[in-house]
Amino acid sequence: MGSPPASSTPGRHDHAGARPRTGFAVVGLLFFATMGYGTVTTPLWPLYQDRDHFGPTMVTVVFSMYAVGTVATLMFAGSLSDRFGRTRILAAAAALGIASVLVFLLWQSVPGLLTARLVQGMGVGLTTSTATAAMVELGHRGAVRRPATSATTATTLANLGGLGAGALIGGMISEWVPGPLTAPFIFFGAAIAVAGLALTLVPETAPRGQGPAPATPHRRAGALIAVPRGKAGVYFCSGALGLTAFAVFGTFTALVPVILADVLESPGRVLSGVLVMLVMGTAAGAQLLLRNARTRTLASAGVALYPVGWLLTALAVHASSLALFIVSSVVAGTAAGLLFKTGSSTVDRIADPQRRAGAHSGFFLISYIGMALPVIGLAALGGVIGTVWSVVIFGLVLAAAAGAGMAGAVPRMRGR
């Protein structure tokens, strides 16, 4: 049986008096807070290791649970807002975020960490595709002056800016406020709750229509990812750009503790957050500064800088140089930001409006696989060939993937 028309589904109507600009700000706040919450644990792992008496391997396992929750949710539920509405699914995502905060606070053990990170990842998975689609649609309704570029830039700033801010805020609160393993979660839980309640001000933007839009939904194993019909090549090449960008973020999240442990005997949690914020903030800043540049220019610059960033990172690890690591963070973050913007804007351009969340869901699914691979791979290969050579190998393979992604997506976009 086909699904009922969107217009007949309760909750799909626009809220009276709700303005697109207000809705845009509310969704952006929820997006930012949720992504920030996803990285709040980055500077806290040494505290958890001391409390629960586990080593680096368990840190990798706990991180993997977050990745499992995010990827599985993107695969099986990322497109639900195309059918049930953006605000309803965003409210569910906020509820998952708050639920995971409660698990972090009340179940203080390794099983509790695993469960909390899984639920946390599920909330992030629901938010990324839904919030991206909602902000783009609100942009086209007048929330921003230039929806084709401004809305996409805002979504990536909320995404990457949130990822960086979460680590920084987590480090600052845990360092300066009593209760280092409770206060950061109370802060982000409150932020998500406020944004979730403010969703009543957001007009529904999911397109009304009869039946599915002309897209190719990949439904193997229940997946609900919408690949735009006739654009599969461009779509998956764009996904490769997202994967290579998020691989940088995952790698630097994994390497920050290694660098700080080698260089400083007692690195503060604030410094850990600052370094993560540096790579994420550079990625977001590069997109903001070059938001009006042509897609080919963005992609070319990103592909050119990408291997340089990886090589500098390997040298920083080899030399245990904090200064060189900072330089590599800026170079790699810039490359990742440009590649991510290229991929994300391309997916938004080719996505059918009635399957927009499903299209973004697949893009983020591929991207988050890229974020998880280096964390797991560096832990596995590092003990065999060393961290330096692991970084070099990952960098070369991913640089080739970035070049292939550009070759598959950008030539079809001449003049943009």
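Using N, Cα and C of the backbone, Cβ positions are placed for all residues, glycine too.
Over in TrEMBL, the protein carries these features:
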| type | residues | note |
| --- | --- | --- |
| TRANSMEM | 22-45 | transmembrane segment |
| DOMAIN | 22-414 | domain 'Major facilitator superfamily (MFS) profile' |
| TRANSMEM | 57-77 | transmembrane segment |
| TRANSMEM | 89-107 | transmembrane segment |
| TRANSMEM | 119-139 | transmembrane segment |
| TRANSMEM | 151-173 | transmembrane segment |
| TRANSMEM | 185-202 | transmembrane segment |
| TRANSMEM | 234-258 | transmembrane segment |
| TRANSMEM | 270-290 | transmembrane segment |
| TRANSMEM | 297-316 | transmembrane segment |
| TRANSMEM | 322-340 | transmembrane segment |
| TRANSMEM | 361-382 | transmembrane segment |
| TRANSMEM | 388-410 | transmembrane segment |
CB contact flag for the transmembrane segment (388-410) and the transmembrane segment (297-316), at least three pairs under 8 A: yes
For the transmembrane segment (234-258): best-contacting stretch of 57-77, 297-316, 361-382, by Cβ pairs under 8 Å: 361-382
Stretch in 22-45, 89-107, 119-139, 151-173, 297-316 most in contact with the transmembrane segment (57-77), if contact is a CB pair under 8 A: 119-139
Rounded mean pLDDT for the residues that make up the domain 'Major facilitator superfamily (MFS) profile' (22-414): 88
For the transmembrane segment (361-382), distant same-chain residues with Cβ under 8 A (at least six beyond the ends): 56-57, 60, 63-64, 67, 70-71, 74-75, 78-79, 125, 128-129, 132, 218, 224-227, 235-236, 238-240, 242-247, 249-251, 253-255, 340, 343-344, 347, 389-391, 393-394, 398
Outside the transmembrane segment (119-139), six or more residues from its ends: residues with CB under 8 Å to it: 20, 23-24, 27-28, 30-31, 34-35, 37-38, 65-74, 77-82, 86-87, 89-90, 92-97, 99-100, 103, 147, 150-152, 154-155, 158-159, 202-203, 205-206, 344, 348, 353, 356-358, 360-361, 363-364, 368
Distal contacts, the transmembrane segment (151-173) - CB-CB under 8 A, six or more residues away: 24, 28, 31-44, 128, 131-132, 135-136, 138-140, 143-144, 180, 183-184, 187-188, 249, 253, 268-274, 276-281, 283-284, 287-288, 291, 337, 340-341, 344-345, 348
